[in-house]
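Annotation comment: Swiss-Prot describes 4-82 as domain 'MIT'. Annotated coiled coil per Swiss-Prot: 19-82, in sequence order. The region 'Disordered' feature in Swiss-Prot is assigned to 77-117. Marked as phosphoserine by Swiss-Prot on the basis of similarity to another entry: Ser102, Ser108. If you look up Swiss-Prot, you'll see Gly174, Pro175, Pro176, Gly177, Thr178, Gly179, Lys180, Ser181 marked as ATP binding site.
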Amino acid sequence: MASTPTNLQKAIDLASKAAQEDKAGNYEEALQLYQHAVQYFLHVVKYEAQGDKAKQSIRAKCTEYLDRAEKLKEYLKKREKKPQKPVKEGQPAPADEKGNDSDGEGESDDPEKKKLQNQLQGAIVIERPNVKWSDVAGLEGAKEALKEAVILPIKFPHLFTGKRTPWRGILLFGPPGTGKSYLAKAVATEANNSTFFSISSSDLVSKWLGESEKLVKNLFQLARENKPSIIFIDEIDSLCGSRSENESEAARRIKTEFLVQMQGVGVDNDGILVLGATNIPWVLDSAIRRRFEKRIYIPLPEAHARAAMFKLHLGTTQNSLTEADFRDLGKKTEGYSGADISIIVRDALMQPVRKVQSATHFKKVRGPSRADPNNIVDDLLTPCSPGDPGAIEMTWMDVPGDKLLEPVVCMSDMLRSLSSTKPTVNEHDLLKLKKFTEDFGQEG
């Protein structure tokens, strides 16, 4: 092949001719010219272009020409089946190509868009999680901000007119296990008139070049079509970390598309809330951080919230704990997250089962029948110490299935589980989160 300027010039000439043929309506000729131009451009990128900026610029042009070539290819395929007026470059598509079919179904003619949107349909939460605001212990500041952004605009739309607009982006950040995703579940439950999209990086990252940013674009299009909508992105740092020279082209393009869709020129995001959650907010790109107008710190729970969590996690399970016991547990678990407390309670709930497994003696007691809880029987068996009056030497294997009465959960079970469960959050991470809150956030 000839020298660099000739190859690049040839690619530019071919692209220019393709655009002319496209405008003139010679679509078959234009398609071939676009394809040849892209081949030359890719050759220049691979073997000849110097510098990242030049390569990036050429790749962007290639994507543009390939998109147009795909549209022409689709149109030419359809034209073989039925003649119809083509879409000229730079002109809007006719009504039936935008999805307003004459048959009234409103289906999009673009198969690629349909495929991407079908891929994202799985992110829509159809069945509402049953988590109410009252199930979330503490975090009053975060709950109020979410009600202000989600519930009030739906219930009282007249409040949010003119310059008073609801928040479009809220970032929840804090140590792991403090209830960020749980709060999002509460939002999904309470905002029952909204479409809730729960997104992770695997929903948006594709191995195919250019498909990831199309998925991001289609996610926001789908949210606009189904508004009011909430887009919840868990672990957003995996998608929108700081831009650097070492990151891949694909990662940079995903970030750019997020920036454009969240707050770009000509983008209408009325009725759409983007809710992000992260444990490491300091790695977020500064432009992404700015688009989250409210940045709320979800801290480790305080003593009264921890006491309430012990109660919530015990639920209706029979136990002998008093209010004083719950307060005591709240004081003893300084530095524990909500997830840590959940693990302590789950382990404590297993203690009666372990007592049954290790028991060598059982005794007969009165209690509700397994078949009919309203009927009190006196032949149930419960574990006891060998010196207990009425103790019968036997193991749990000898106890009939419907005759076992397990011990209730008591304070000693809780303390035993607490002694074997350590907190998962370290002091170093907490200091970094507090520093980020001082610089950019607000307390939840």
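Placed from the backbone N, Cα and C atoms, the Cβ positions cover glycine too.
When the binding-site residues Thr178, Ser181 are compared by the number of other CB atoms within 10 angstroms of each CB, Ser181 has the fewest. Summary: among the binding-site residues (Gly174, Pro175), the fewest other C-beta atoms within 10 A of the C-beta are counted at Pro175. Around Gly179 (ATP binding site), the same-chain residues six or more apart in sequence whose CB sits under 8 Å from its CB are Val136, Ala137, Leu139, Ile298, Gly338, listed in sequence order.
In this structure, the binding-site residues Pro176, Gly177 were compared by how many other Cβ atoms lie within 10 Å of their Cβ, and the smallest count belongs to Pro176.
Per-residue confidence over the coiled coil (19-82) averages 79 (mean pLDDT, predicted model).
Cβ atoms within 8 Å of the centroid of the Cβ atoms of Gly174, Pro175, Pro176, Gly177, Thr178, Gly179, Lys180, Ser181 (the ATP site) belong to the same-chain residues Tyr182, Ala277, Asn279, Ile298, Ser337, Gly338, Ala339, site residues excluded. Less than 8 angstroms from the CB of Lys180 (ATP binding site) sit Leu172, Phe173, Gly174, Asp234, Ala277, Ile298, each of them six or more residues away in the same chain.
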